[in-house]
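Colleague: Here's the feature list from TrEMBL:
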ACT_SITE  B:Asp53  active site, nucleophile
BINDING   B:Tyr111  substrate binding site
DOMAIN    B:9-104  domain 'Pseudouridine synthase I TruA alpha/beta'
DOMAIN    B:143-245  domain 'Pseudouridine synthase I TruA alpha/beta'
2 protein chains.
Amino acid sequence: MRRIKCTIAYDGTHFAGYQIQQQKRTVQGELERALSIIHKGQFVRVYASGRTDATVHAYGQVIHFDTPLMIPDERWPKALNALLPDDVIVKEASEVPSSFHARFSVKKKEYRYRVWIGEKNVFLRHYVYHHPYDVSVPAMNEALRYLIGTHDFTSFCSAKTEVDDKVRTIYEAEVVQEGEELIFRLVGNGFLYNMVRIIVGTVLEVGRGERCAEEIKTILEQKNRSVAGKTAPGHGLYLWHVSYDN
Amino acid sequence: MRRIKCTIAYDGTHFAGYQIQQQKRTVQGELERALSIIHKGQFVRVYASGRTDATVHAYGQVIHFDTPLMIPDERWPKALNALLPDDVIVKEASEVPSSFHARFSVKKKEYRYRVWIGEKNVFLRHYVYHHPYDVSVPAMNEALRYLIGTHDFTSFCSAKTEVDDKVRTIYEAEVVQEGEELIFRLVGNGFLYNMVRIIVGTVLEVGRGERCAEEIKTILEQKNRSVAGKTAPGHGLYLWHVSYDN
């Protein structure tokens with residue numbers, strides 16, 4: 001068996017999320033369906049770097065699967081894209097050692113979150129969070145700096161999570177304004193359930209002047225989801241890049 | 001009765017076009033449905049600057065309607081947007097004299113056409129024409145210059161048209177490259193059925209080196225649709241701006 005790693009992108013708008021669910025349209029479901037056709041009906045399990053929720057997009061999700069087929073690396077994207085719907089695309093594929101695992105070998109993940117502060121725009125409705133308020137970009141960057149480092153992120157994690165260890169390391173956290181768009185960028189060794197969306201929701205409250213930037217510190221210390229801000233909607237979120245060793 | 005002019009935008013992806021059709025989802029149908037609710041069930045006819053086809057977008061379509069209601073200008077967008085689906089938006093509204101007509105008072109129209117020459121991008125699939133070929137932007141601009149002026153555009157008009165007079169004046173015609181995107185911009189006193197899409201399809205053939213720029217002159221002279229190039233797909237096209245006197 002050979003192990004194939006693929007970088008994929010998807011528009012999350014019409015998916016019930018990445019992970020397979022009965023009777024629902026999922027990215028994993030589409031990938032496994034396409035692979036089963038290529039494997040003449042044999043089921044092939046796909047493993048991803050992590051799940052994404054309904055409406056959340058991916059620019060650089062990473063998956064792997066095992067196959068007995070001798071298809072050259074550069075042919076995999078063509079073969080899969082011919083069978084995938086037009087809202088998922090395999091950008092590249094390469095054979096990797098069997099020690100590689102899309103989820104367990106992750107070193108860093110980058111998420112981006114797009115916020116639109118201009119007038120409502122029909123073309124962006126599925127791709128940015130429309131938040132037409134005056135916000136202070138410097139105050140938001142000050143707030144984000146409190147998140148950099150290794151912390152217990154219990155306050156920035158959905159209470160629905162099943163994970164026990166809530167300690168994660170954030171390497172980079174910033175927001176830049178490009179015209180009428182704010183782009184949040186977060187790089188870390190891992191992210192808890194809803195973590196980026198709760199961070200963005202809370203930092204936007206700082207941006208609007210409803211909280212001061214230093215509150216982020218107290219919120220982290222309290223380890224209590226209810227002291228942080230609202231969860232920003234899924235459709236502004238992008239799993240941007242996943243890094244591995246090599 | 002008061003006449004209200006509105007500038008609207010719509011994402012054409014999920015519409016069978018602007019103009020009302022039985023059993024189909026159209027922009028006009030949605031506008032008239034919303035207006036009928038505001039008018040307590042009374043039908044209100046909407047007039048647009050012109051139709052757009054299925055999948056074609058509008059950034060600045062203009063419509064008008066007549067109403068007995070005394071709603072201030074700035075309230076119309078809010079009232080209509082509350083009743084419209086999320087792929088149509090009323091950007092602004094103003095009362096105009098009854099001599100104004102969204103279609104017959106048009107002075108100039110600007111269309112844009114977006115072409116994506118990079119790798120396939122799932123997020124742009126409904127908003128640009130994916131055309132991943134090497135093209136010469138200077139050659140395309142040379143071709144476009146032959147279209148500027150007053151010409152009989154029979155060769156650049158769908159044979160399905162019902163219009164007799166095929167003479168139109170083009171004031172501006174250019175293409176600019178922004179990163180991996182080509183943006184065609186055409187400004188004229190009016191456009192025939194499929195005219196922008198046939199122009200773009202033909203000029204892309206010049207860009208790819210399959211025709212020389214001067215051929216545009218001969219194509220115009222022949223007044224024959226079959227000598228021009230392919231019709232570019234609808235989803236790259238945007239009705240960008242409509243100008244009136246004042």
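Backbone N, Cα and C define each Cβ position, glycine as well.
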Colleague: Along the domain 'Pseudouridine synthase I TruA alpha/beta' (B:9-104), what average pLDDT does this model show?
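Modeller: So the average pLDDT across the domain 'Pseudouridine synthase I TruA alpha/beta' (B:9-104) works out to 97.
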Colleague: Relative to the Cβ position of B:Asp53 (active site, nucleophile), how many further Cβ atoms are located within 10 Å?
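Modeller: Looking across every protein chain shown, the total is 18.
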Colleague: Looking only at Cβ atoms, how many others are within 10 Å of the one on B:Tyr111 (substrate binding site)?
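Modeller: I get 24 for this one.
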Colleague: Measuring Cα to Cα, tell me the gap between B:Tyr111 (substrate binding site) and B:Asp53 (active site, nucleophile) in whole angstrom.
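Modeller: Between the alpha carbons of B:Tyr111 (substrate binding site) and B:Asp53 (active site, nucleophile) there are 13 Å.
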Colleague: Could you give me three numbers for the domain 'Pseudouridine synthase I TruA alpha/beta' (B:143-245), the DSSP helix, strand and coil residue counts?
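Modeller: Here the numbers are 33 helix, 32 strand, 38 coil.
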